[in-house]
Amino acid sequence: MVKICCIGAGYVGGPTMAVIAYKCPNIEVVVVDISVPRISAWNSDRLPIYEPGLDDVVKHCRGKNLFFSTDVEKHVFEADIVFVSVNTPTKTSGLGAGKAADLTYWESAARMIADVSKSDKIVVEKSTVPVKTAEAIEKILTHNSKGINYQILSNPEFLAEGTAIQDLFNPDRVLIGGRETPEGYKSVKALKDVYSHWVSEDRILTTNLWSAELSKLAANAFLAQRISSVNAMSALCEATGADVSQVAYAVGTDSRIGPKFLNASVGFGGSCFQKDILNLVYICECNGLPEVAEYWKQVIKINDYQKSRFVNRMVSSMFNTIANKKVSILGFAFKKDTGDTRETPAIDVCQGLLGDKAQLSIYDPQVMEDQIQRDLSMNKFDWDHPLHLQPMSPTTKKKVHCVWDTYEATKDAHAVCILTEWDEFKKLDFQRIYDNMQKPAYVFDGRNVVDANKLREIGFIVYSIGKPLDAWLNDIPVVA
Ligand code: NAD
Ligand code: UDX
């Protein structure tokens, strides 16, 4: 029986390994992590992450050929293939701070593999890493090899949260990069054999190591760029009376462009896009390509602009003061069908509103109060450093209330602000919400989920991203 061990039981390690175990009953898969609470949760009835379909997959194989353990060294020692799926956050200090990837967690995992191994191993980069990381890892492993043969592969993960199980069951492609040597080809074939259990041959792409590493950063940059492109258009739509959904549809029906990832929004969030683009920018700068670096930086600048534009629109619409006004925030996760709040645009929007002294009442069906309070007290980039717990700011705590019911969140509020496209927000009783709000009652829809015309009939003043403006909002200049 082939034995797989995956270091890192997070959003990627957990679901990917659960699906490998599900699809390959002849393979034993152990997911290990240094975090005791995370592993306990994976072994419990309440998994540490919310992901549609994940519970069933885990329940089906846990205890049979899928195991979760904190005994990292034992399982690495026993494995034939070791996946490394640890976090690769943005550096918060030192050289490249605010841009470069922090490979501390990666390097410590690699050193541990070198320490405990007594047999040949294939080491698979699952984490998203800067191009050429495999070379550094190879050096760490071979300099401590004690005669053991290591083959390093790059097998970046393309799943999106909220649809992870679907993406893993039916991936657009699986990408495997390896050394172009006989041993390299052999190890690529070994990993290919794992995926071949359920992915057709034509969807398993093999490349050299550097192409695989760079393709992951490139794919995320391209996806984020589409969102920034449509968001840039949304500002122009608001200024001209065009409707961004109609523009996106018209543009996306061109088969060369395609319809996906053209939804205008309050801005993209999530643990990957910003981090990976910053990383790409840093790599370009290090390779003497400042023009290319500048080009990709714009994607993030437009995303930041979109978030601050949204906050400014809210404040200026409400007579330029929201001090002590109750604002109801619906949705805090970075997208629907996940409880993940990493880099969610809700953090910037809420911090912007708190900066103008609003009182926030926040509802999200999957995010706990503790998480929200911590997110709103944290410094930029700190979220991806798991051992780093920021003290919570008492002022933030007093100004932010989290509730478990939309109608309570919106009661007596001056404004409702939708920041995540949860399906349940489309079905709300907006007449009831309106009746219990202060007047004028505003809805600021950062995800274009509500029917603005229906809400206007009820009496709301509605702002939808990139849509023709209410007469009320039309005359108010917004400073970005
Ligand atoms: P995560 O923070 O959810 O999980 C990482 C886990 O690694 C943590 O539980 C941490 O405790 C553990 N860890 C860190 N160092 C360790 C060590 N030395 N030994 C054992 N465990 C260790 O991160 P994630 O979202 O799963 O992302 C992991 C990687 O995958 C990142 O590089 C990310 O960029 C990439 N990625 C993420 C996504 C996504 O949607 N989240 C998608 C594709 C790729
Ligand atoms: C992304 C990539 O899609 C995935 O391939 C990679 O492996 C990890 O990073 P993820 O961040 O989980 O996945 O979700 P994604 O669906 O890409 O959404 C990212 C952000 O963009 C979310 O905040 C989402 O709301 C936003 N978005 C997405 C838009 O604003 N408009 C769109 O049209 C699509």
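Cβ atoms here come from the backbone N, Cα and C positions, even for glycine.
Here is what TrEMBL records for this protein:
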| type | residues | note |
| --- | --- | --- |
| BINDING | 8-13, Asp33, Arg38, 86-90, 127-128, Glu161, 272-275, Arg342 | NAD(+) binding site |
| ACT_SITE | Cys272 | active site, nucleophile |
| DOMAIN | 328-452 | domain 'UDP-glucose/GDP-mannose dehydrogenase C-terminal' |
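Overlay of TrEMBL feature records on the structure.
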residue: Gly8; record: NAD(+) binding site; Cβ neighbours (10 Å): 28
residue: Tyr11; record: NAD(+) binding site; Cβ neighbours (10 Å): 23
residue: Asp33; record: NAD(+) binding site; Cβ neighbours (10 Å): 24
residue: Asn87; record: NAD(+) binding site; Cβ neighbours (10 Å): 23
residue: Thr90; record: NAD(+) binding site; Cβ neighbours (10 Å): 24
residue: Glu161; record: NAD(+) binding site; Cβ neighbours (10 Å): 24
residue: Cys272; record: active site, nucleophile; Cβ neighbours (10 Å): 24
residue: Gln274; record: NAD(+) binding site; Cβ neighbours (10 Å): 23
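If you average pLDDT over the domain 'UDP-glucose/GDP-mannose dehydrogenase C-terminal' (328-452) in this model, you get 91. Straight-line distance linking the Cα atoms of Cys272 (active site, nucleophile) and Asn87 (NAD(+) binding site), rounded to a whole number, equals 10 Å. Checking the recorded positions Tyr11, Asn87, Thr90, Glu161, Cys272 against ligand 2, the ones with a C-beta less than 6 Å from an atom of that molecule are Glu161, Cys272. Broken down with DSSP, the domain 'UDP-glucose/GDP-mannose dehydrogenase C-terminal' (328-452) shows 46 helix, 19 strand, 60 coil. Taking a Cβ distance under 6 Å to any atom of ligand 1 as the criterion, the binding-site residues Tyr11, Asn87, Gln274 reduce to Tyr11, Asn87.
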